């Protein structure tokens, strides 16, 4: 019953037993029983009672399941005994703890001086630290600073050693993170009570009674002193807390050294004894990582704000999630987001854990795990993962899918290499590798360029992932059902009947990702060479020309790129193009306006003839509308958006039928979904006006029967108000537009008289059209008039197995974060108003 291993602590090895006997003879330890030893190590030396979350002596004889009850009892009973502390006894116990710590083995590194306060609380590693750590303590393969002492002067490796030592202190404490969190809540409660009592005391002193000042307030309940609180606060610091603090200090040191270097008079040389680590990057920002020797013109206030937000885990992430996840689900719907299974001697992990995809923190340190299941990829919301002090020999490549990881520790394992997929961990702030026989190449990059440089190396040098096959083309029959699949669009065209070929045409819609938006900061998961505009532009050319589509509707095309690249290129392949830039180009100088993106339509000259064209920006067009009203929502939310639409009336040469082709790109921000609905309402209203003008000579022709295509990036889900409006003809009640007033548009429920349907609806839409780490969904569509056109073929999905190996596009095969949509349409024989060319 006295064996500490029964409490979840490692057994005391022969070496430790011999050390204990020597210490007993020297008077450094009390009675040599493991029970007495446990009491000395885990009792609060300040007060005689353990802090919240730490095991007391009575727990040795009780079930380990009583830990939670013991924690609640301590929190409920308060702190009445805090004043009964004996400072002399505290100092003696501190000395005992330090002796135990020095003789108890460890991770092969020295504990820093700041751990003295932690030791006084009892948060020290047990004497019975696993034997394998002692065996490897002097192994230079696991601790490279033993082989290369210069690493001890490297700030990045010093941080590794410091945090490895902090991690080693948690050994022997089951659920250490949960216990530390309980201590934080305990301190917060105590501080709140103190503040409340002080406020009440001041209020009673200030309010006079009928016979002068009121009676003196009763003395507050016994509270821990500031000295005691500071020690408990130090003990409650988790490994993550220490990491944040250390990273902040490193950032401050780097900033101070740069400032001092700038202020140094010209001609003064740096003393030889002073190290200027200007070439040593820190995990601050990609800019600092890649351009460590460049000029730093950042404002100090902005830098501080960036530092504060970069190292936090939940506060800023909640805001980010709300920005990119406009669905009904909320981050706070889940009451807990952390799972602490630390120091429980677990050998295997239940598969059910990986169903908890809401987890942001997972603590598996101090166990006996030999492998981590590939299902870890399901936990894509993880910010913190601690695998330290296990028996892992490798890390799964699937862990690279946890792209939101900020703090990842695997101290003291037997991992020799890192998967290339770790290049996806673009948000990583710290990677704890000390105590592993890691490849020297990776260690060299880590110590020279920090974790960011290591991640970028893995990202940029990842071996090519072959695409098993191109996207297949799905043939659709006259009933709107999939009939057959072809390996390519060209193969499908070869099997197309001659009479059907005369009545059909193909259209491609593609958001090409403007080069001004494809920044390294926004797409950190994309290899730098694959993100370069020269590479992406060449891949876009190959992709677009390979489909040989009759109509090309492109979004996010820069004005200059349209004029100098796409027009000359596509002209050689028989295309004519029309372009319309976003509205802000009108207010800019000619040179700057060339950098503004917009929408364009290219058509094959042997397939189509241009009859007329029109273009609009939604805000400007609505202000000219005869029923325009200056509502508050329009002025504050919609008027400053510069999105546009382009309209072309074309005649299909083989069949003689006419068609309106429209392309647009709606506003992106999910916080303005009501504005997107308004923009679509304006687009459809304008299109109806154009159709009525064209058919004014023929009152019998219904505008529903006029062939219409509307292609583009609508930035809207299938369950959005935009989709409902286009698909059903109106939006009566939808949460995205509730309470918003856009005047006439809102009064008529944004209704229109066209019969439109999504072309991909016949196959249930694609799995996604936009693929990024934080967002993967369908937001691009090709809408067609159901009374005049019929879908006869669709370009299918990207191979799912290939997609599963990435966290987002662009990459070496797909040059945009969107994928192109392609459909074949047939003019229906019921279409009227046709005229042979």
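Heads up, the Cβ atoms here are built off N, Cα and C, so glycines get one too.
Feature list (source: Swiss-Prot):
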REGION    1-32  region 'Disordered'
COMPBIAS  15-24  compositional bias 'Low complexity'
REGION    46-66  region 'Disordered'
COMPBIAS  55-66  compositional bias 'Polar residues'
COMPBIAS  81-102  compositional bias 'Low complexity'
REGION    81-107  region 'Disordered'
COMPBIAS  197-209  compositional bias 'Low complexity'
REGION    197-223  region 'Disordered'
COMPBIAS  210-222  compositional bias 'Pro residues'
REGION    254-281  region 'Disordered'
REPEAT    334-356  repeat 'LRR 1'
REPEAT    358-379  repeat 'LRR 2'
REPEAT    381-402  repeat 'LRR 3'
REPEAT    404-426  repeat 'LRR 4'
REPEAT    427-447  repeat 'LRR 5'
BINDING   556  Mg(2+) binding site
Folded-back contacts onto the repeat 'LRR 5' (427-447), same chain, C-beta under 8 angstroms, at least six residues removed: 107-109, 136, 141-144, 151, 154, 156-157, 159-161, 163-164, 167, 243, 247, 283, 310-311, 388, 403-418, 453-455, 457, 524
Local Cβ density at residue 556 (Mg(2+) binding site) - other Cβ atoms counted within 10 Å: 23
Residue distribution over DSSP helix, strand and coil in the repeat 'LRR 3' (381-402): 5 helix, 3 strand, 14 coil
The repeat 'LRR 1' (334-356) - residue tally per DSSP class, helix then strand then coil: 5 helix, 3 strand, 15 coil
The repeat 'LRR 4' (404-426): DSSP-derived helix, strand, coil residue counts: 5 helix, 3 strand, 15 coil
Residue distribution over DSSP helix, strand and coil in the repeat 'LRR 2' (358-379): 5 helix, 3 strand, 14 coil
